[in-house]
Structure formats: structure tokens, C-alpha cells
Amino acid sequence: MTGTEVKVSDKRKFSSNLWSAERKILARAFELKAAQELQSLLREKIAVLPETSSDQIKPFQIGAHDLFRVSALATTSLADLKVALRRYTSATGYQMAIGLDESVRYRLDGSVDAPVSEDNREHARTIVKRRFAKMRQSQAGAKDTPVRERTNSGT
């Protein structure tokens, strides 16, 4: 094991590296789909939204909801916009980006706005930790559940 690898069983070491300021959270399929859905509701291209899996997820500036509302297509309902924003900002990758040490928020044009507050950072970390714990629990439960054999119904 090299010095850069993280041993998952060492929770202290894993936890500290998970939130490293040097880490970049890249968009996965779910975040990309949510970003595309959000972008489709807007009149203009939003630079801070990821377009490919090599794009970094960047937390929005505080008050971005109002800016998105101004940028929405005339045919976009407020309810649809809220759902799309919630889907994207609730994604685990987005929450991880907020939780990183020294994370910053971005204006919609992609420029840096302000640091993420410590309260927001800790809240995001709590969300991510709960999701990881739930995922580990369900994976452990799946391992303990015996696989049922398929019976041939004779048809």
C-alpha cells in the first residue's frame, strides 16, 4: 500500500481524506442528468453546471434560486424549477462538494463567489455520512440475505 492510498477500514484516515481540500468532486451520471434537466428549463447556458463526467461539481452561490428563476424559460413553471434545483443540489456529489475543506461557492457564470460557511459544510457532511452509512447497511443486509433459487413453473 502506497502513501497515497486510503485504507477504508481506518475510519479516521478515510474520513480526513474524504473531505480533503485538494479533492475534486466530479459529476457522475446522476448529477449530469440532473444538471441537464435543470439547464433545459433555462433561457441561457449556466457555466457552473457540469456537462461531462470530467467536470467538477461546484456549489451555487447563496440566493442562486432567485437567479435561476430570472433565467427560466417562460414555459417553465416555478414548481418544475424547484424540483430540478432540488434534484441537483440534493445529489450526493453536490453535498460532497459543499463538504470539502475550504470549499467555495460559485456564481452562475462560473466565477468564485464566497467560501462555504462552516454550518453549511458540516450539514453537508452529515448528509453524506448518513447516506454512506445507509448504503453500507443495505449492502451488509444484502450479503446476509440468502439468494432464493428460481423454481421452474413447468411452462
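From the backbone N, Cα and C atoms, a Cβ is placed for every residue, glycine too.
Look at TrEMBL and you will find 36-144 tagged as domain 'ProQ/FinO'. Sequence annotations record features per position, and here TrEMBL assigns region 'Disordered' to 133-155. Annotation comment: TrEMBL describes 145-155 as compositional bias 'Basic and acidic residues'.
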The domain 'ProQ/FinO' (36-144): DSSP-derived helix, strand, coil residue counts: 60 helix, 11 strand, 38 coil
Per-region confidence, the domain 'ProQ/FinO' (36-144) (mean pLDDT, whole number): 96
